[in-house]
Amino acid sequence: MGKVLSGSRFRRRDVLAMIGLSPMITLAKPALAAPTQLSFDDLYGKISVLGLEFSDKVKSLDGRDVEMSGFMAPPLKAEAKFFVLTEIPMSICPFCSTDADWPDNIAVVYLDEAQTFVQAGVRIDVTGKLEVGSWTDPETGFLSRLRLRGATYSVA
Amino acid sequence: MRKFLSALAAATMLAGVADAATVYPLDRATILVGSPFDFKVEFDGVVKQEDVKVTINGQDAKSVLGADVEFVADEQDKDGKSLGSAVILRAAKVAKAGAYKVEVSAGDQAKTVTWDVFGTSATPKAKNVIFLLADGLSVSHRTGARLMSKGMTEGKANGRLFMDDLDHMAFIGTSATNAVATDSANTMSAYMTGHKTAINALGVYADRTPDSLDDPRVENIAEAVRRLTKKSIGVVSTAEIEDATPAAVIAHTRKRGDKADIATMFLDTKPDVILGGGSAYFLSKDVAGSKRKDDKDLIKAFKDDGYTLATDKSELASAAGTNSGKILGLFHTGNMDVTLDREFLKKGTVEKFPNQPGLKDMTKVALEQLSKNPEGFFLMVEGASVDKMSHPMDWDRSLIETIEFDQVVGMAREFAKAHPDTLIVVTGDHTHGVSIIGTIDDEKPGTEMREKVGVYADAGFPNYEDKDGDGFPDKVDVSRRLAIFANNYPDYYETFRPKMDGPFEPAIENEKKEYVANPAYKDVPGAVLREGNLPRNADTAVHAVDDVVLQAAGPGAGEFKGYMEESDVYRVLADVLALGSSENM
C-alpha cells in the first residue's frame, strides 16, 4: 500500500514533467520547493478556555505547502476524499458515537481523488497546501479550521 | 403442543396489530401533578383524522390535558418515507393526582396506557437539595477508594469514607425504555424528570421522527424549580457542562450529542451557578477551538445576562466574592483533567490548562453562592470522570476521582450540619463491570505479571500510603496495589500497572471501524494481549446493568429504601421540595 501511495505523491510533478517545457518547470518551481514541516505542537500560539489562537507559524504558512506527520482517523466512508489527521491514533469514533468529540488539534486532509485508508496506528506523512480558517464541507457538513488541500500522503 | 404454540403465536400477532400505536408518556409513566409534558400518539401507518379517538379515564382528552391535540397527517423519516399519522399536544398538564387510563384508537389500532400522576407533600421537608452523582459509581469504586485512601488492617478498614456514613440507602434500577442496558443520558434524565427514557435521550421521550429536538418533552427539575419556587439552581461537573449528566438538569433532546444546542439550553432556565468544562460549545464558530457550527457567542450571552465569568481556579475564587449572584465557570474547552493528572502527575492536558479547579473547589464556590438565597437551592454536582476513566479501564484514575468525589460528599455533610434543612443524595447513574479481586505484587517471583496477581490468602493487603493526610495515596504505583479488572473489554494490552504517562487508551479504531488493541502499550514490560469479549465496534469497556447503590441523609432521606427505579428518585426530590403540593396548582 505504501508503495502505491508514494507513487501517487509524485503524480503532480509527473504531470508537470510531461508537459516538458523548461519555462513551465521554472514557473512551477515554488510548488516543487520542499514543503515546510509543521508539527501538531506548532499549531497553536495560545490555548485558552475562550479560544485557541493559531501560531504565527501556521498563519505565515497559510496558502503554502506543508508536511505534517500524524495518524489517519477512520473516515466516514471506506473511500473518501477527505480524512482527519490526528496527533495520536483515535481511541473514540466521533463519526459513530453521539457524544464523542474530535480533539482540538486536528487537520482535515483533502485528497484530489478518493482513496482507501491505511490501518489504524500507522503513522503517515501528509503534504498539501495549508488552508487556515473555518470552512464547512458542503457534502458532509464537516466543519474544519485547518486543512491541507490537494494533499498526498505516504506511510512514514 | 404444536397446535397450542401456533395458537399462541397467532394471539401474539393479533395483540401486535392491536397494540400498534405508541403513546407518550409511556405506559406506567409517573408524572408530577401540574408539570407540563408533551402528549403524543404515533399511529402505525396513515389514519384518518376523524377515526382518531383519545379518551382519558373515559373523558375527552382535552378536558384532562387542558387543550386539544393536533393531528399530524403523516410523519416522515429522513428520506421522506411515510412513518404514519400522529396526534400531539405540547405542554399538556394534568391538574389532579391519581391514576389515569389513556385509551387511543384509530381504525383497527388501539392502545391503552396508564399514568400515575403523583402529588407531593403539601409543605417542603427540606429547603436545599444537594444531589451528588459520581458517574458510573459502582460498588468496586467505593471499596477501592476506601482501601486506597484509608487502608486496611487485619480485614478491617482503617477509616471510613464520607459516603460510608450516610443514613439511608436504596438499590436503583437504571435500565432504559429501549434496552436493559443504559447510558448517562437516559439515567440522569430519569433522576431529573421522573420519566425513564431511551439511551442518549435527555428530558424527552424518544419518538420516531428524525429531528432530535422535536421529541415529546417532559419537565426537568430546573424547570420545575423555576416554575414553582424562588430557589437558586447550581450545576457543577468535571465533564463538559453539555455532557449528558449536567445536561439532564436543564436540557431536552433525543441526542446527547447535540452539545451546541444543549449549551444554548442553559439560557432557558439560567442556573445561577454553572461550573465545568466544555467552553468549546460556548464559542462562535470562527473562534479556533470552537465546536459550534453557528455564530452564537454564548459567553457574551451569559455575561450580558449578568453572569460573572471564570476561566480558571483563580478567577473562580474571585468570582465567588462578587455580588452578581450568577457565575459561569468554564475551565476547559473539553472535559476537565482528572485529579491524578491535575494534582499529581501533570499529564493529560494539564500543560494546556494548568490552573483548573477541582470538584471540591467548584462545589465550595457553588455552596457559598447558592446558600446566599434565603429561599434555598437545588445543586447538582457530578464527579464525571469516575466513569470517564472506567471506560478505558484506567482504574487508578477512576479511584482517585472517587476519593475526590467522596471529599465533596464530606463538604456537603459539613454544610448540612450548619443547614440541617438540606437533603443530600449520593449516587451513581449506572455501574461498570468492574471488580477488585486481590492485589498485584511486584515482589512476587518471575516476570509474568499474571503470576504476580495475589488472590485469596496470597493477596495480603495493598501498601498505599497517605503520609500527608490529604486522603489521596501519596502514589498509585506502589509495589503491592489493588488488582482491579473489568469483566468486559475490547482487545487490549493488559499491563497490570498504573498508567503513569497519561490516561489509558486501550483500543484504537481501524479502517473497518473495528477496535484493535492499542499497540502503544505492546512493549510495556509484562503486557499481554487480552482478546476482547465485546463486539469489535466497542471502543472501551461498557456500562453494567447492575443496580446502583443510592445513599441519602437529611429530611426526606427515609423515602429512599429497597429497590427503586431511577425515575422514582425524582418523586422523592419533588416530594421533599413540595413541587406537587396543591398550593402550587
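Keep in mind that glycine also has a Cβ here, set from the backbone N, Cα and C atoms.
As recorded in TrEMBL:
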SIGNAL    B:1-20  signal peptide
BINDING   B:D135, B:D387, B:H391, B:D429, B:H430, B:H543  Zn(2+) binding site
BINDING   B:D135, B:D243, B:T245, B:E382  Mg(2+) binding site
ACT_SITE  B:S184  active site, phosphoserine intermediate
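What TrEMBL annotates, mapped onto the structure for a quick look.
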residue: B:D135; record: Zn(2+) binding site; CB count, 10 Å: 29
residue: B:S184; record: active site, phosphoserine intermediate; CB count, 10 Å: 31
residue: B:D243; record: Mg(2+) binding site; CB count, 10 Å: 29
residue: B:T245; record: Mg(2+) binding site; CB count, 10 Å: 30
residue: B:E382; record: Mg(2+) binding site; CB count, 10 Å: 31
residue: B:D387; record: Zn(2+) binding site; CB count, 10 Å: 30
residue: B:H391; record: Zn(2+) binding site; CB count, 10 Å: 23
residue: B:D429; record: Zn(2+) binding site; CB count, 10 Å: 29
residue: B:H430; record: Zn(2+) binding site; CB count, 10 Å: 28
residue: B:H543; record: Zn(2+) binding site; CB count, 10 Å: 24
Listed binding-site residues (B:D243, B:E382, B:H391, B:H430) that sit near chain A [CB under 8 A]: B:D243
Which recorded positions sit within 10 Å of B:H543 (Zn(2+) binding site) - Cα, from B:S184, B:D243, B:T245, B:E382: B:S184
Subset of binding-site residues (B:T245, B:E382, B:H430) lying within 10 A of the residue listed as 'active site, phosphoserine intermediate', CA to CA, in sequence order: B:T245, B:H430
CB-centroid shell, 8 A cutoff, Mg(2+) site B:D135, B:D243, B:T245, B:E382, site residues removed: B:L133, B:S184, B:M188, B:S237, B:T238, B:A239, B:A244, B:P246, B:G383, B:A384, B:D387, B:D429
Spatial separation of B:D429 (Zn(2+) binding site) from B:E382 (Mg(2+) binding site) - C-alpha basis, Å: 10
Distance from B:D243 (Mg(2+) binding site) back to B:D135 (Zn(2+) binding site), taken between C-alpha atoms, in Å: 11
